[in-house]
Amino acid sequence: MLIDHIGAVLFPDMIWLRMIGRLAFPIFAYLISEGYFKTKDVKKYMLRLFIFALISQIPFYFAFREGFYLNVFFTLFLGLYAIYKYDQTKNYWVVFGVGMLAYFLNTDYNIYGIIMIFLFYKFHDNFKRMAVSQVWLNLLYLGIPILVMFLRGGKMTPSMIGYQLIQGLCLISLIFINYYNGEKGYSLKYVFYSFYPVHLGVLALISYLK
């Protein structure tokens, strides 16, 4: 995550930094699904994510300066909410609805991120199916924009296609996820929660001073 953001904020031409950074979000998405199974109070879990989403938005805005664009904590919050509501209703349309909400709110990774979190939850006990579902998700992530652009008579630029392909590197994170033993380690959630807005604030300051 830090490497990815250093690349995005300070060195946008160093694509290799962004390539390494693709591994971060799937791991966080997986940990959200794991957290759902392990938490004692899912509503408090969602509240923590939402609070840190609000806290992180100001440094996120100044770091990336991309107008109305919500940070990844909003995506993690909505992904957890989608799991929670699906568990109550067993209705896939709930997940799709939350994904569309993320899309219209323009959260980081938006509907793609919501579906990724849900797939980690859905195939929690079967790594093979989990991995296959993530491969299909990323194929769709690559293919759908190309298809839509083709149907509209437009063209995708090489840079647009390149970014879509780079996102596919996120699948490497499945190697690390496969080695997770499911045991709860030291609780460092507040270290991560705090690190996110703090490192964005530092990067925003460095970018401003440049």
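Just so you know, glycine gets a Cβ as well, placed from its N, Cα and C.
As given in TrEMBL:
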type	residues	note
TRANSMEM	15-33	transmembrane segment
TRANSMEM	45-62	transmembrane segment
TRANSMEM	68-86	transmembrane segment
TRANSMEM	93-121	transmembrane segment
TRANSMEM	133-151	transmembrane segment
TRANSMEM	163-180	transmembrane segment
TRANSMEM	192-209	transmembrane segment
Leading stretch by Cβ pairs under 8 Å, where the reference is the transmembrane segment (192-209) and the options are 15-33, 45-62, 93-121, 163-180: 45-62
Stretch contact, the transmembrane segment (68-86) with the transmembrane segment (163-180), Cβ-Cβ under 8 Å, 3+ pairs: no
Maximum Cβ pairs under 8 Å to the transmembrane segment (93-121) - stretch from the list 15-33, 45-62, 163-180: 15-33
